[in-house]
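Asks: After the structure tokens below, expect a handful of questions from me.
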Amino acid sequence: MSSGAASGTGRGRPRGGGPGPRDPPPGETHKLVVVGGGGVGKSALTIQFIQSYFVSDYDPTIEDSYTKICTVDGIPARLDILDTAGQEEFGAMREQYMRAGNGFLLVFAINDRQSFIEVSKLFTQILRVKDRDDFPIVLVGNKADLETQRQVLRSEASSFSASHHMTYFEASAKLRLNVDEAFEQLVRTVRKYQEQELPPSPPSAPRKKDGRCPCVLL
């Protein structure tokens, strides 16, 4: 479970207060990036996680940043979250924020087939920019409340995520379904990845014996 305080720089959107006196100091900082096609609900997911508020009107985002200090699995962390543009005209900005991210929430809408095709391209681009075969990424099928309009089967998305070593969540920003769970899992994935990337600690040198004979005082 997570808990904490939040703040944001979203234009015209509600802001949370800064960390309160009861919030533990963060022991770690993670830069998380929310990516996906236009209109899939990236901002709605982010604001619901940050401020427990559902944004119903679609307002195309250029770039908004938020901060949340929370505790995941008993460990306090500062999350710097970047909500990115999904519109094609802002595609040139993608590689810039991909270079800075420690982990990615890859979002499509279950009622939008094209957005699912888009996440495959974004996944490939992230690995290319990072020059890695693997990276901390969580796949989210948003708008699960629109089940009757579904265009992407759950089994299809699950198969795609499993083949690329990602955890998959079907979420709804409107219902606050699996919103916290997706972000918390991304934090866990980032932690695990960073632990694996750390170089092993050098073995401690054995203590040398001084070679002197023990003395007995009479």
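Placement of Cβ uses the backbone N, Cα and C atoms for every residue, glycine included.
Here's the feature list from Swiss-Prot:
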type	residues	note
REGION	1-30	region 'Disordered'
COMPBIAS	7-20	compositional bias 'Gly residues'
BINDING	36-44, 83-87, 142-145, 172-174	GTP binding site
MOTIF	58-66	motif 'Effector region'
LIPID	Cys215	S-geranylgeranyl cysteine
MOD_RES	Cys215	cysteine methyl ester
Asks: Over all shown protein chains, what is the count of other CB atoms within 10 A of the CB belonging to Ser172 (GTP binding site)?
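Replies: Other Cβ atoms within 10 Å of Ser172 (GTP binding site): 22.
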Asks: So of Gly36, Gly39, which of the binding-site residues has the fewest other Cβ atoms within 10 Å around its own Cβ?
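Replies: Comparing Cβ neighbour counts within 10 Å for the binding-site residues Gly36, Gly39 gives Gly39.
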Asks: Taking the motif 'Effector region' (58-66) alone, what is its mean pLDDT?
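Replies: Overall, the motif 'Effector region' (58-66) comes to a mean pLDDT of 71.
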Asks: Is it possible to get the count of other C-beta atoms within 10 angstroms of the C-beta of Lys42 (GTP binding site)?
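Replies: The Cβ of Lys42 (GTP binding site) has 28 Cβ neighbours within 10 Å.
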